[in-house]
Amino acid sequence: MGALLQFLLPIIFFTLVFSQNDLQEEFPPGWTEKCIGCMCEASSGCNQTLECIEQNEVKYCGVFLLSDVYWQDAGTPVLQGDDPTRIGAFERCVRDPYCAARAVNQYIQRYAKDCNKDRVLSCDDYVRLHYFGEANCERPITSLPYYKVFRNCISS
């Protein structure tokens, strides 16, 4: 039961994010609580204690392993009372699961497109968009461990 609870808690948690009114009323097709929950699972195992990691001189932080550029492209969401121009605003937001989920949601809403070229907007497009970014989301992803974790999660 512990593993099931660990899996369900992030899904329930992200449901709360989707109920916030500060985001767009309508979501792109296929953009669901399960989709964002599985993106979290694939990114970090939804590990809220994960420190920032650096790869190729880029820092990735939080449960979604967001970069500063991604956060900026998402519109620089911040914690309540914070200011996006304050030093550390990026880290404070992306280390907070609610703020990080808001950043991912805003990024997906802004850049949603058919990354896998199947003529249907779906969660599969959004996971590619999240991993590679808007400019490179058409790259092959199926052999990557990130995508394998995502597919396992989304199909369960």
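Placement of Cβ uses the backbone N, Cα and C atoms for every residue, glycine included.
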Partner cysteine of Cys40 (disulphide bond, per TrEMBL) from Cys35, Cys46, Cys52: Cys46
Per TrEMBL, the disulfide partner of Cys35, chosen from Cys99, Cys115, Cys123: Cys123
